[in-house]
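These come from TrEMBL:
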type	residues	note
SIGNAL	1-21	signal peptide
DOMAIN	22-93	domain 'Polysaccharide export protein N-terminal'
DOMAIN	183-233	domain 'Soluble ligand binding'
Amino acid sequence: MRLKLLLLAVMLLVTSVPVFAGDYVIGEGDGLDVSVWGIKELSFSVKVRPDGKITVPGLGDVIASGFTPTALQASLGEKLKELVKNPIVTVTVREITNSKVYIFGGGIKSGVYDLARRTSLLQLLCSIGEVRSADLKRAYVLRSGKKVKEDFHRLFIQGDVAEDLLLENNDSLFIPLLLDKSVYVLGAVNAPKSIEYREGMVVLEAILEAGGFTKFASQNETIIRRKEKNDEVSLPVKAKDLIKNGDLSQNIKLRPGDYIIVSEGLF
C-alpha cells in the first residue's frame, strides 16, 4: 500500500503542469505567459513586479496581482479592444513564487515551505519525506483561522486520494509529534513486553509477539486500555473465541499507546 501511494504521488508530481485557472490568485513574483490569438506581437512572458503590475505592449503598465487568470484574461481583453478587434486573450501562470505554507507542531521539521506550483496535501507530504514520528491522525490544515482538513492518516497511510486537498497560499499545517509509538502486552503472556507499533497491527499479532498466552491465561478476559482524548476506555477482547472459533470481530486493530492486558484465571 505504501509503495502504491508513493508511486501515485510521483505520478501526480510528474503529470502536474504549471497551468492555473479557476480560483488561483496571481501575486507578486509570479511568472505569466500572455498570448493574444493570431497576434504574435502581443504574446509574451512576464513576471509580476513587486508593485503588482505587468507591462503589456500597447497598453503599458497593467495591474495583475489580485486577479485570477480568468479575470485577468477578461480585463486585458477589454483593454485590448482599443487595439485589436475581438481579442482572444489567454493568461497562464507559468511559475508561482508568492505561495507559501507553514508547518508546525513538532511531528516533522517546522518551517515555511515555498510552493513552486499548484500543490496538493499529498504531494507536499511526499516531498517532506520521513513522517514516522508524526501523529497524522491529529494533524490538520488551518486556513484563514478555520480547520479545512483534519486527519491525514487515511490520505497518506491508506492512500485514499479522495481525502486529498489543494493547498492555498498561507495555509498552516499542524502536524504534532507521535508521543507514544509502542503497544504494551501485559498479564498472562509468556513474555510481557512493549512492541513498536506498526500500521495495521491487530491484537492477536501483538499477543503472539509477546510469546502467546500462558497456560493460566483467561483468554476471553483480555482487554485493551486505550486513551481517547481526555478519557481512558476499555475494549473487551474474547481472544479464545477469536482463536478457537475464528471470530475475527475480536481481532481489534491497535493504536499507538494501547495496553493489552490478559487476565489470569484461578487455575
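Note that Cβ sites are derived from N, Cα and C of the backbone, with glycine treated the same way.
Looking at the domain 'Polysaccharide export protein N-terminal' (22-93) alone, the prediction's average pLDDT is 90. Counting residues of the domain 'Soluble ligand binding' (183-233) by DSSP class, helix then strand then coil, yields 7 helix, 27 strand, 17 coil.
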